Amino acid sequence: MESQVLVALALSLVGGLSTSLGALFVIINKAPNLNMLGLLQGFAAGLMLSISFLDLAHNALNSIGFLKGNLWFFSGVLFFALVVNFIPEPTVVPQSETDKEKKHESEDEGSGKDMMKKHRRQVFFSGIITAVGISLHNFPEGMAVFLGSIKGLRVGLNLALAIALHNIPEGVAVALPVYFATNSKWQAFKLATLSGFAEPLGVIVVAYLFPSSLNPEILEGLLGSVGGVMAFLTLHEMLPLAFDYAGQKQAVKAVFVGMAFMSASLYFLEISLPEMTL
């Protein structure tokens, strides 16, 4: 069990630190390339859909039956729907809006520095709220990586890869308003990175909630629920962002490229790591 926790922690750290990569998009470039972020979201959505339907849900249906598999899957959908309902995930601030804010701020200079400071505080506060919201979203993703790692290294690796790609735009969403408000690259990078640490925290919490040996049927059901969580996250949040930033046609192409990539990785990991799966 300890080795499984360590593996899951390592994988979740990869996913969590991807928010730092998103922050780098903000502090290195003058403006984040939203088209590239949209394509990345589409690619990650393809990875997620492949994992959800062709791996996790498929295995649950085959292992515990059609009815039980569907019940577990849709329980995961309902769980994450409730999370999203109470904690809506913020999106990346478009550069055009940021430019407007800067222009508005410059126009207000004549009316005094107090207005400028107030405006910066408001933007900084929005960055804090964004970081909190994303942290709360990352927590169940860490739980998903842990449950996947219990099933086998192949499942854990695939989940960690998909979540890591998904977390890059989240890092942008945190870092962009903080950098604008504080003009501090370090503050923007630090806050985005901290929001990603909710993933390994999710691993630690769930590792000590579950017994060292789970009933195989319950494990397959939980993985089916993870499939439901991933499917809802993809269709509700990732695809709309990909459409907004990259355009519908380009985003759909990126989705199928992601699905093909994940299908290939599932195959090659299956034949190269058979002894490490449970």
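Here the Cβ of each residue, glycine as well, is placed from N, Cα and C on the backbone.
For 97-115, the entry in TrEMBL reads compositional bias 'Basic and acidic residues'.
The region 'Disordered' feature in TrEMBL is assigned to 95-115.
Taken from TrEMBL, the feature transmembrane segment covers 6-27 (among others).
Sequence-distant neighbours of the transmembrane segment (39-57) (same chain, 6+ residues past either end, Cβ-Cβ under 8 Å): 69, 73, 155, 158-159, 161-162, 165-166, 168-169, 223-224, 226-228, 230-231, 233-234, 238-239, 241-242, 245-246, 250-263, 266. As annotated by TrEMBL, transmembrane segment applies to 39-57 (among others).
According to TrEMBL, the transmembrane segment annotation covers 69-87 (among others).
The annotation transmembrane segment is assigned in TrEMBL to 123-139 (among others).
What TrEMBL lists as transmembrane segment is 159-179 (among others).
Only residues 6 or more beyond the boundaries of the transmembrane segment (191-210), in the same chain, are considered here, and those with a CB under 8 A from a CB of the stretch are 1, 5, 8-9, 12-13, 15-20, 22-23, 127-128, 131-132, 134-143, 145-147, 163, 167, 170-171, 174-175, 178. Residues annotated as transmembrane segment in TrEMBL: 191-210 (among others).
For the transmembrane segment (222-239), the list of distant contacts is 41-42, 44-45, 48-49, 51-53, 55-57, 59-61, 64, 69, 72-81, 84, 89, 140, 144, 147-148, 151, 155, 159, 162, 166, 214, 251, 255: same-chain residues at least six beyond its ends, Cβ to Cβ under 8 Å. The transmembrane segment annotation in TrEMBL covers 222-239 (among others).
The transmembrane segment annotation in TrEMBL covers 251-269 (among others).
With a threshold of 8 Å between CB atoms, the same-chain residues lying at least 6 positions outside the transmembrane segment (6-27) that come near it are 33, 37, 134, 138, 141-142, 145-146, 148-150, 153, 156-157, 159-160, 163-176, 179, 185, 188-189, 192-193, 195-200, 202-204, 207.
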